[in-house]
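Annotated GTP binding site per Swiss-Prot: 39-46, 86-93, 151-154, in sequence order, evidence recorded as similarity to another entry. Taken from Swiss-Prot, the feature region 'Small GTPase-like' applies to 28-245. What Swiss-Prot records for 202-228 is region 'Disordered'.
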Amino acid sequence: MRLIQNMCTIAEYPAPGSTAADCCLGAAGRRLVKIAVVGASGVGKTALVVRFLTKRFIGDYERNAGNLYTRQVHIEGETLAIQVQDTPGIQVHENGLSCSEQLNRCIRWADAVVLVFSITDHKSYELISQLHQHVQQLHPGTRLPVVLVANKADLLHVKQVDPQLGLQLASMLGCSFYEVSVSENYNDVYNAFHVLCKEVSPKQQPSSTPEKRRTSLIPRPKSPNMQDLKRRFKQALSAKVRTVTSV
């Protein structure tokens with residue numbers, strides 16, 4: 001899979017035929033793949049999405065912004081339009097999983113789901129089984145493609161979840177598993193999305209097919225400016241250089 005350079009970040013799911021849709025989805029007839037990234041708060045969902053789409057790690061993100069990112073990818077000889085929906089963190093209460101209607105709409109909208117937990121947070125791992133069941137319940141009669149991602153693999157000194165547990169869980173759920181460090185390794189992040197796109201793409205209709213859902217998936221999400229992301233990345237890089245120089 002090869003990422004194509006132009007990328008859009010949009011606050012609402014664009015109506016087909018609109019300027020935003022033309023910008024983000026490209027030429028008519030290109031298949032559209034819609035992916036929702038879901039997990040507990042603080043596991044690195046936004047960082048994972050931005051890393052995949054830009055190859056960069058900034059390290060400073062606004063939590064629970066609920067942004068919808070769009071770009072084109074080239075996979076096995078075909079150019080796809082891919083939309084990745086970042087979602088607010090899921091809360092767990094005594095009565096079980098607490099999913100807002102906005103989150104449910106995102107999951108129903110998606111063609112595939114990335115389930116994310118952090119190796120530094122065992123509760124985020126425990127949440128995955130319930131979350132996977134909830135995802136499948138929102139897609140009755142079909143088995144939605146899913147990939148399981150364990151993030152923060154570089155933080156071994158505070159690890160609470162061993163890789164073997166992730167593998168066992170993925171085997172039980174019937175999905176692929178990747179342990180990644182979003183901050184240090186782009187290739188593992190790339191591979192996780194690559195596998196998911198391969199599972200989804202043969203089944204999808206061209207992006208010119210009218211979409212029933214034209215409303216915002218999450219009300220009034222704040223759409224980050226990509227120039228601002230680049231600026232913050234440069235600032236973070238400059239700060240690291242100054243630190244090394246002063247030592």
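All residue numbers here begin at 1 and follow the chain in the order shown.
Placed from the backbone N, Cα and C atoms, the Cβ positions cover glycine too.
Location within the structure of each feature annotated in Swiss-Prot.
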{"residue": "GLY39", "record": "GTP binding site", "DSSP class": "strand"}
{"residue": "LYS45", "record": "GTP binding site", "DSSP class": "helix"}
{"residue": "THR87", "record": "GTP binding site", "DSSP class": "coil"}
{"residue": "ALA153", "record": "GTP binding site", "DSSP class": "coil"}
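In the predicted structure, the region 'Small GTPase-like' (28-245) carries a mean pLDDT of 82.
With respect to Cβ neighbours within 10 Å, the binding-site residues GLY39, GLY42 differ, and GLY42 shows the lowest count.
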